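**Student:** Take a look at this one; I'll ask things after.
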Amino acid sequence: MALNRLVFSLSLWLGFIGAAQAASSEPLPPSKDPWYTAPPGFESAEPGTVLRVRPAPGNLTSITANSSASYNILYRTTDSHFKPTWAVTTLLVPELGPDSLAQQKFQQSALLSFQVPYDSADVDASPSYSMYSASNDSSAPYTAALGSGLFVSVPDYEGPLAAFTAGIISGYATLDSIRAVLSLGLGLNITNSPRAALWGYSGGAFATEWASELAVQYAPDLVAGPVVGAAMGAPLANITTFMHSVNGQATSGLVPNTLLGLTSQYPDVRKYLVSKLNDDSEYNRTGFLAAEGFTVTESGVAFAGIDINKYFQNGTDILNDPKILALVNREGIMGYHGVPKWPLFIYQAIPDEVTPISATDALVEKYCAVGADILYERNTVGSHYEETNNSYKAAVQWLEDVFSSQHDINRAQGCVIQDVTRNTTSGDLVRRKDVQKSVFDLWSAAW
């Protein structure tokens, strides 16, 4: 094992030197960038081992507010079959120095793992590439965190097969991204009891929750050490109810993305799924499989308002097909792989039209019955998308508590479930066009 670590360390830094020389080149989509491959023999490395690192190509640092440097890190992780695979995370470094917020507030030792809801079965939609064209709305949380002195890791948690809604690999890849960053440093003070927290909304909360419940068995080192908590909004607790909720609605494009993402690691189930598609009709195989190359926005346009069952022979109810349900039960139902040991803040709008709150209620009830530490806030107003703004402040304040150890004082509180009313989208606190500035102000006020 020591020899393997030595070999990987040598190849890593040789690769880093070469990458640094080419850092000014434009980013390539992962499917066309040879850097997105693991070196020979990576399978023998331990989960979380760094396999490659490079300064992020192109202008990512300059276009990401409050960032002083950015790196791509390719690391060893584990797929849903419990076999070695790899994933990539992008590490964003805040402004550093003796007078920086990173030093004054956190001694350069605080890491936020931010899971972006990229919700796509296309590997080229992975954050390490899509961040170059991210809107202010989607980048606001992590750029604001950078502005408050946090290091930010943004993992491509779906892995190299873009396994959207595959909970096992999503959780493992998220956990191993934290391990990889903490082993590497790159400005992060890893000798001064570093603290890490996770945050995600919707698809990003899906990965955040799976990481939290899998950590007990997969990453006890993170449970016992640096991870201090996880915040998650509208976490897609049950993928079956989620797909039924969005099918035929404006967000119907999430269904093909889910079915293709779920089956990307299961060739037999993918073959079965494809065999059930129509050969020729308005809703045919070609149209459905086009989602493999779509971002979530593109799928939203292509499939808006369509009952996805129309793509299947005789209108088959594919969402209730036994083979599909068996896979969902393995990969898409939370609460069956372990009880999170670090504190959780879970928030969701009661009227959520994308993922029914009843599934989140059931998950929280299950965890609370076995002693989990959860603050669960159910917002009486707002849609799925409005809740991203409505509960920004609450999430930021809760993360401030766990980073500053204030939550540790009150850990005996156990589960707290409460209905709240937050309607910041009306303009009282956060207007959509001003979300970047407002979220930065929230982080700044917290610390």
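Any Cβ shown, glycine's included, is placed from N, Cα and C.
What Swiss-Prot records for this protein is below:
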- SER202: active site, charge relay system (ACT_SITE)
- ASP352: active site, charge relay system (ACT_SITE)
- HIS384: active site, charge relay system (ACT_SITE)
- ASN59: N-linked glycosylation site (CARBOHYD)
- ASN66: N-linked glycosylation site (CARBOHYD)
- ASN136: N-linked glycosylation site (CARBOHYD)
- ASN189: N-linked glycosylation site (CARBOHYD)
- ASN238: N-linked glycosylation site (CARBOHYD)
- ASN284: N-linked glycosylation site (CARBOHYD)
- ASN314: N-linked glycosylation site (CARBOHYD)
- ASN389: N-linked glycosylation site (CARBOHYD)
- ASN423: N-linked glycosylation site (CARBOHYD)
- 1-22: signal peptide (SIGNAL)
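Give me the local environment of each listed feature.
**Tutor:** A simple way to gauge crowding: the CB of SER202 (active site, charge relay system) has 26 other CB atoms within 10 angstroms, across all the protein chains here. DSSP assigns SER202 (active site, charge relay system) to coil in the three-state reduction, placing it in neither a helix nor a strand.
Same-chain residues at least 6 positions away in sequence with a Cβ under 8 Å from that of ASP352 (active site, charge relay system) are, in sequence order, ALA234, SER383, HIS384, GLU387.
In the three-state DSSP classification, HIS384 (active site, charge relay system) falls within coil. Summarising the environment of HIS384 (active site, charge relay system), the number of other Cβ atoms within 10 Å of its Cβ, over all protein chains shown, is 20.
In the shown protein chains, 13 other C-beta atoms lie within 10 A of the C-beta of ASN59 (N-linked glycosylation site).
Taken residue by residue with DSSP, ASN66 (N-linked glycosylation site) is part of neither helix nor strand, so it is coil.
DSSP assigns ASN189 (N-linked glycosylation site) to coil in the three-state reduction, outside any helix or strand. Cβ-based neighbour count (10 Å, all protein chains) for ASN189 (N-linked glycosylation site) stands at 17.
In this structure, ASN238 (N-linked glycosylation site) is part of a beta strand by DSSP. Cβ neighbour count for ASN238 (N-linked glycosylation site) (all protein chains, 10 Å cutoff from its Cβ): 23.
Taking the Cβ of ASN284 (N-linked glycosylation site) as reference, residues of its chain lying under 8 Å away and at least six apart in sequence are, in sequence order, LEU277, ASN278, TYR311.
ASN314 (N-linked glycosylation site) falls within a helix when secondary structure is assigned with DSSP. In the shown protein chains, 8 other C-beta atoms lie within 10 A of the C-beta of ASN314 (N-linked glycosylation site).
Neighbours of ASN389 (N-linked glycosylation site), defined as other CB atoms within 10 A of its CB across all chains, total 23.
Secondary structure at ASN423 (N-linked glycosylation site), as computed by DSSP, is coil.
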**Student:** Round to the nearest Å and give the CA-to-CA distance linking ASN66 (N-linked glycosylation site) with ASN59 (N-linked glycosylation site).
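**Tutor:** Distance between the two Cα atoms comes out at 13 Å.
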**Student:** Based on Cβ atoms within 10 Å, give me the single least packed residue among the glycosylation sites ASN66, ASN423.
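**Tutor:** Checked ASN66, ASN423; of these glycosylation sites, fewest Cβ neighbours within 10 Å: ASN423.
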**Student:** Quick one: Cα separation, ASN389 (N-linked glycosylation site) versus ASN59 (N-linked glycosylation site), in Å?
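**Tutor:** Counting only the Cα atoms, the answer is 28 Å.
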**Student:** Under a three-state reduction of DSSP output, how is ASN284 (N-linked glycosylation site) classified: helix, strand, or coil?
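**Tutor:** ASN284 (N-linked glycosylation site) sits in coil per DSSP, no helix or strand.
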**Student:** Provide, as an integer number of angstrom, the distance between the C-alpha atoms of ASN238 (N-linked glycosylation site) and SER202 (active site, charge relay system).
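**Tutor:** So the alpha carbons of ASN238 (N-linked glycosylation site) and SER202 (active site, charge relay system) sit roughly 12 Å from each other.
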